[in-house]
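Copied over from TrEMBL:
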TRANSMEM  C:6-28  transmembrane segment
TRANSMEM  C:40-63  transmembrane segment
TRANSMEM  C:69-87  transmembrane segment
TRANSMEM  C:116-134  transmembrane segment
TRANSMEM  C:154-179  transmembrane segment
TRANSMEM  C:191-218  transmembrane segment
TRANSMEM  C:245-264  transmembrane segment
TRANSMEM  C:276-299  transmembrane segment
TRANSMEM  C:326-359  transmembrane segment
TRANSMEM  C:407-434  transmembrane segment
TRANSMEM  C:441-465  transmembrane segment
TRANSMEM  C:477-498  transmembrane segment
COILED    C:603-650  coiled coil
DOMAIN    C:657-873  domain 'Histidine kinase'
Amino acid sequence: MPDRPLFLERASFRRRRLGDAARVLPVLAAALIVIPVWWVPEQASFAGGAVWLFGIWAALIAAIGVLHRALRRADAATLRASRDIAGDDDHAL
Amino acid sequence: MLDILMIEDEPNIAEAVRFILTREGWEVGLHADGLGGIEAIRGAKPRLVILDVMLPHRSGTEILAELRGDHDASLAATPVLMLTARGQATLPAPQADAVLAKPFANDELRAMVRRMLV
Amino acid sequence: MPFEALVAGCLLYVALMFGVAFAADRAASRGRAGWLDHPAVYTLSLSVYCSAWTFYGAVGYASRSGLEFATIYLGPTVVFTGAWWGLRRLVRVARRHHVTSIADLISARYGKSNRLAAFVTLIAVIAATPYVALQLQSVSLSFEVFATDSLADIPMAGGGGTALWVAGGLALFTILFGTRNLAADERHHGVVTAIALEAIVKLLAFLALGVFVVWGLADGPADMLSRIEAAATGHGGWLLKPDRWTALLVVSGAAVIALPRMFQVLVVEAADEDRLAVAGWAFPAYLFAMSLFVLPIAVMGQQLLPPDANPDLYVLTLPAASGQNWLAFLVFLGGFSAATSMVVVCTIALATMISNHWLVPLWLMLRRKPQSGDPEDLRGFVLNARRLAIGAVMAVGWVYYQATGGTAALAAMGLVAFTGMAQVLPAMIGGLVWRGANRHGAFAGVGVGFALWLAMIFLPSVGIGAPPSVPSGVDPLALAIFLSLALNTLAFIGLSIFGMPDPVERLQGLSFVSAVDPIRHSRMARGADQAEPLLVMARRVWGAEDALRFFQSEAAFQGRSGYLPDLTPRFLTRLERRLAGSVGAATAHAMIDSVAGGAELTVSDLMQVADEAQRAKEETQRLETARAELARTARQLREANDKLTALSVQKDAFLGQISHELRTPMTSVRAFSEILRTPDLSDADRDRFAKIIYDEAGRLTRLLDDLLDLSVLESGQAQLSVTPANLHDLIERALSAASATRPERVFRVDREPLAEYVGVITDPDRLLQVLINVISNARKYCDAEPPVLSIRVRRSLRGGVQIDIVDNGSGIEAARQSLIFEKFARLNDPARAGGAGLGLAICREIMANLGGDITYLPGQGGAAFRIALPRRPPVPANAGLRRA
């Protein structure tokens, strides 16, 4: 019995941290796209800038994909865990 | 003045009763609905009321109760003969002077009305 | 390529789109929407973001301003990185409130204010119509470039003729697939599927061109990069301006949510918010793929094509000049797809807004009390209003295109539309995250933003007035964007802080911000008979079948049988939101108020609601379901108990009633047979009395027959002789048999003969008995002048048949509807003539024996009965025994 609540805490803890990451990601993305143009407009404007921009872009897409997968799994795990807990309550009754 | 006012919604029964009683020499009036029944009694002031229990809109029992409660004391005391098709077991309305179950023998009806009108 | 071949190819492609849309609509209407709901289809439909402006214009933009074009795609990418907590939340809240457009969302959030919705609609129309014109222009331009013949020589194509044909065809498509139905949720499977397919064509065309340019014309990626570097150094316009860069990022991020067409595909057409988990990365990937080759194409165009070539058309002229005709044709189809899909979705979104927030409220205001004469009136009006709006938007777009005559003014329209719709965003986001946001703030913010946008961006773009003078070194567009959005937000926050929202608004605010279900307050009596006017109203919007289904399922949820649920807050809330899905939140609210009696919401109600919401939030899902389950069971138990009690009372009453029904004719028979014995009767009297005896004996026989029939049916011992029969013949026979009832009444019978030719496997004599009974009843009781009887036959879902028999009389009052199928139900009925009131009881038993049922349909504008037959009658358990 004692490992079940522990599992729930782990799952919900992980779920929360992933949620934080999902909140930070847009800010990070905006910063990566905007700052170079303010900072070094000359370098950001031409071929080097294009490589940088499309590189960031591809990385962002990959990051969103990985994050969303993890979030869906974590959500499913949290749901399962809370169902298990609920199931135990039923037995106790 | 009317001798008898009958309140009955079944036209064939009404016709039979009227035929029987008219041949005995009484004058018989007819009202065919529970609605307006009490007004018909007030208007005609008959010596006897024959009242069916199962009437559309207002039951005979309700009309009887209203008649007995009328502020005209002589009207409230009008003798009432109730007709019921619910069988002997469920004879209603203690306020009625007499109750006759359907179907009845014609002689029974004649005798009962005669007794109540004398 | 000759013009005819081009047109033929185009027409083939268009025919394919019509076919796909039609097939998808069919599949969805048959409940096989499985693959239509796939996240991939949803993601692809989001690509209406890439209109012709981006398909053709991105390369032109890049050749003039270098990397700046990428902001248009990077903005949405940044927004989609927040898909998980931002967009999902938006979609969830919008779905919960059955929001039909961005104007509707704003109106629903700010106290269901239709004035606010009408205002947002105005902005959308002003911003989007020139944008539609731009799409028409791009199609027409691409025709001109591509056709080897000069268009001016072709009578139907010259002078804007192409654009006219395209506009007409698109209007037809949009009306066909965009206004088929007024569903309770505004989804258009056909349109979305066609657009998803167009998205694939768009992407493939652009990628193919890109691959050809990088590896066919240039020498691979490394060579491409050095060419870009070389082109850029010689071009001052390519240097990025940080202020402009940031402003465009902000505006395009806003546009991906707020543009009417984007809101339509992103929010309104979404089945649920889960698909954003896929779209969250897949849509940015789509944008990435669409932008990857923009710069290479622009550079190669500059280097290979003559300097006077229009950069906006490089994507077409580049492959054409290299002799790649098929590639050019593919690109042409891609551009055509981009333009058409944008126009279709944009028009649907605008038409929904125009009809829901302009035309319908106006119509409801002009005729306060819609007559119930035509039951389909509102539904028909809304659909026609949408069709009209689609036609109007398309026509105005075309006129606009003709008037501005393919100038560069149109090319700027993409950004103008983006910045215009961005003005709605502060009020929208504020409404989702801040409970303090209110209607005054929203009006002020959107109003200020709109005015600044009009003065600084829109009017200068169409050549009225000059752009404001700005200090040197500051980009005028960036300044206009920042200024309008900043003052917009400031006004929104300021007036929200100082204004006081009304209670409805506070309730909606709570529901939007905390994502809890709102609760509708009603001071109405909570009886089921009150539900009938609501059913009548819902039927006017959705049509009879959908309305009945919704009411039945709500009643079933409450554990009730039949079609009339109790007016619980839950039911009223759900009804209002479903209606909002068809006509918008403000109108739905007003309609329910007008029927259910305006419920004055007070602050104390609000406190109560807030308490309830808080408590509900704390309770776990499990407890809630358990409680609902318990309540349902309790309710069923209570109903069963009531029924049992009623049954024993009924049994006594039944015996009494049989006694009454038997004794009444017997009284006449006995009295008159005695009278007949009197000697001095006239012959006429004798005859008459004999006839009375004869008639009354017949009445006794009929009563005994009915009773016997009923007891046989009730015990399930009835012998059925099951054969196939044609329903049309049965109805025909029933009508002629029933015409003996009150023959002096001439009924107009409204039938659908084609639908009636349905074979049924049943006991035809028994079914005929039911039909005659119901039709005779209608003849007996329908009090309308002139009387009309309508008979509708429809196949039901599981292969059975439904027969609806509806008259136009005053119907049966709600309190008696549950009694009419009981034995002797008409006992105290003044109009009872002849029979004892066993007819409908027998009908019910017959239908039960045939495996179907007969029900009373409330709210159909008269007495209405539905006879439902199964595909075939059930086999009785003792059938084998009997045969043996």
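In case you wondered, yes, glycine gets a Cβ from its N, Cα and C as well.
Between the transmembrane segment (C:69-87) and the transmembrane segment (C:326-359), fewer than three CB pairs separated by 6 or more residues in sequence fall under 8 Å, so the two stretches do not touch. The average pLDDT computed for the domain 'Histidine kinase' (C:657-873) is 84. For the transmembrane segment (C:191-218), the list of distant contacts is 16-18, 20-21, 23-24, 36, 40-42, 44-45, 47-48, 50, 55, 174, 177-178, 224, 227, 265, 269, 286, 289-290, 292-293, 296-297, 300, 304, 315, 318-319, 322, 324, 327, 330-331, 333-335, 337-338, 340-341, 344-345, 348: same-chain residues at least six beyond its ends, Cβ to Cβ under 8 Å. Tallying C-beta pairs under 8 angstroms between the transmembrane segment (C:245-264) and each of C:6-28, C:116-134, C:276-299, C:407-434, C:441-465 places C:407-434 first. Among residues of the same chain six or more beyond the transmembrane segment (C:407-434), those with a C-beta under 8 A of the stretch's C-beta atoms are 51, 53-54, 57, 60, 89-90, 93, 102, 105-106, 109-110, 120, 123-124, 126-128, 130-131, 133-134, 137, 248, 250-252, 254-255, 257-260, 312, 401, 441-442, 445-446, 449-450, 453, 457-458, 461-463, 477, 480-481, 484-485, 488-489, 492-493, 496, 509, 512-513. Residues 39-40, 42-44, 46-47, 49-50, 54, 58-60, 62-63, 66-67, 69-70, 73, 76-77, 80-81, 83-84, 87-88, 91, 199, 202-203, 206-207, 209-211, 213-214, 218, 224, 227-228, 231, 270, 311, 314-315, 318 of the same chain sit 6 or more residues outside the transmembrane segment (C:276-299) yet have a Cβ under 8 Å from a Cβ within it. Long-range contacts of the transmembrane segment (C:326-359) within the same chain: residues 1, 6, 9-10, 13, 17, 47-48, 50-52, 54-56, 100-104, 107, 114, 117-118, 120-121, 124-125, 128, 131-132, 135-136, 138-139, 142, 146, 166, 170-171, 173-174, 178-179, 186, 188, 191, 194-195, 198-199, 201-206, 208-209, 212, 259-261, 263-265, 268, 315-316, 319-320, 382, 385-390, 392-394, 397, 583-584, 586-587, each at least 6 residues beyond the stretch ends and with a Cβ under 8 Å from a Cβ of the stretch. Distant neighbours of the transmembrane segment (C:441-465): 106, 109-110, 116, 119-120, 123, 126-127, 130, 404, 409, 412-413, 416, 419-420, 422-424, 426-427, 430-431, 477, 480-481, 483-485, 487-489, 491-497, 499; these residues of the same chain sit at least 6 beyond its ends, with a Cβ under 8 Å from one of its Cβ atoms. Sequence-distant contacts of the transmembrane segment (C:116-134) (same chain, six or more residues past either end, CB-CB distance under 8 Å): 51-53, 101-104, 106-107, 110, 259-261, 342-343, 346-347, 349-350, 353-354, 356-358, 361, 393-394, 396-398, 400-401, 404, 410-411, 413-414, 416-417, 420-421, 423-424, 439, 442-443, 446-447, 450, 454, 458, 462, 584-586.
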